[in-house]
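According to Swiss-Prot, the protein has these features:
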- GLU9, TYR55, GLU63: Mg(2+) binding site (BINDING)
- ARG53, THR66, TRP420: ATP binding site (BINDING)
- ASP57: active site, proton acceptor (ACT_SITE)
Amino acid sequence: MDKRIFGIETEFGISYSSPDSRPLAPEEVARYLFRKVVSWGRSSNVFLTNGSRLYLDVGSHPEYATAECDDLAQLIAHDRAGELILDDLVDEAQARLAAEGFNGTVYLFKNNTDSAGNSYGSHENYLIPRRGEFSRLAEILIPFLVTRQLIAGAGKVLKTPHGATFAFSQRADHIWEGVSSATTRSRPIINTRDEPHADAEFYRRLHVIVGDSNMSETSALLKVGTVDLILRMIEAGVIMRDMRMENPIRSIREISHDLTGRALVRLANGRQLTALDIQREYLNKVTDFVATNGAHNAHVPLILDLWQRTLDAIESGDTSTIDTEVDWAIKKKLMDGYMRRHDLSLDSPRIAQLDLTYHDISRQRGIFFLLQARGQARRLVTETDVKDAVDAPPQTTRAKLRGDFVRRAQELGRDYTVDWVHLKLNDRAHQTILCKDPFRSVDERVDALLDSMG
């Protein structure tokens, strides 16, 4: 597919610090956070004017699912927009709590684990053709996804019985299966539940569960862009070496804990390769494919360059060439400098706080955003792009139809029902409009409905 629909679903960690008032459970804080949403949407599960979905997931985790995007920069802008939307909700919840005598502080974190050992996810969605064997696609992708943490991990200080260690990935120690139709119970690498949110005759949705939430825009580009390139290669029928792993769940943990990239992975055929070997195999295949077929979008040269530089940096042990572009390397540089200046070890509570605050979505408090403001974290999209994406849907996908409908219905105070594929006014006997083509941003049926609303 030269054009593909992408989406990212992000679950956020929530916390409340209250030195002078009674503590609040995360569930209570989440209710304050969503009170404004419930007041206008009559639900904690709503679609917004930018085409995205905002809701409370299992327990107390706010979740933001981007609108359908067909460009990687567009995807990153809309993912970033979710942070701004939720940060605004934090400010309003903070004011409401203060009015009720609660003087603590609400925090939202774009990370994947909390201090109690709970994990919450960042899920990627890729539209793929229905034709072809899904099991074969999963077999080819899983070795890549197990080792992708080298280039796209968010980094984490991991507490072990032998002391603290720095790991590539936050999510790796919480994955329990290769493929599964469940997302919370078994936490697979790839979710196989067949919900395309599109015409099921032609499309399927690849739902990747294993990734970390990225603060870095270039890390997010690398995470999604590499999968897109490998999918194109598979769709073109390129033959890949058999790199199925004997035990991908054990391997994903061992790889995460070894920053040299040389952790050995035993393959199902008995061979042993390092994580770096496996990543280089995919990189070389993709590079050859692009050399033969050309780059299908303007982001491909940067994706290939950063992929190469990241693997080279891991192999050499010198991450200075990537420490403004790859989350784990940005975070490690930050921590190494802080430990050196303050004579601390990795198991210091101050380092644990630094690890957490890196993921604070507050533009005023969050350490990542302080680094970004100083030019120490590379940008791909402008702040104007992000602010535009808070209100406006992507103009080139089905999200435009949904966003325009939601906006008009809200402006006119009309009662409506909407999801990824359906649009309906509840206060008249209109037939539900079914939008099964996610690439279609113009639809005369939707135009007629909007015109009829006045």
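Heads up, the Cβ atoms here are built off N, Cα and C, so glycines get one too.
Of the recorded residues, TYR55 (Mg(2+) binding site) and TRP420 (ATP binding site) place their C-alpha atoms 14 Å from one another. GLU9 (Mg(2+) binding site) has THR66 as its nearest neighbour among the recorded positions ARG53, ASP57, THR66, TRP420, going by CA to CA distance. A Cβ within 8 Å of the Cβ centre of GLU9, TYR55, GLU63, the residues given for Mg(2+), is found for these other residues of the same chain: THR10, GLU11, ARG53, LEU54, ASP57, PRO62, TYR64, ALA65. Of all the recorded positions in the list ARG53, ASP57, TRP420, the shortest Cα-Cα distance to GLU63 (Mg(2+) binding site) is found for ASP57. Listed in sequence order, the residues of the same chain lying 6 or more apart from TRP420 (ATP binding site) and placing their CB within less than 8 Å of its CB are ARG53, HIS197, ARG402. Taking the centre of the Cβ atoms of ARG53, THR66, TRP420 as the ATP site, the nearby residues of that chain (Cβ within 8 Å, site residues left out) are GLY7, GLU9, PHE47, GLY51, SER52, ALA65, ALA67, GLU68, ALA399. Each of the recorded positions GLU9, ARG53, ASP57, GLU63, THR66 was ranked by the number of other C-beta atoms within 10 Å, and first place falls to THR66. When the Cα atoms are compared, ASP57 (active site, proton acceptor) and THR66 (ATP binding site) turn out to be 15 Å apart.
Residues ARG53, THR66, TRP420, recorded as binding ATP, reach a greatest CA to CA spacing of 11 Å.
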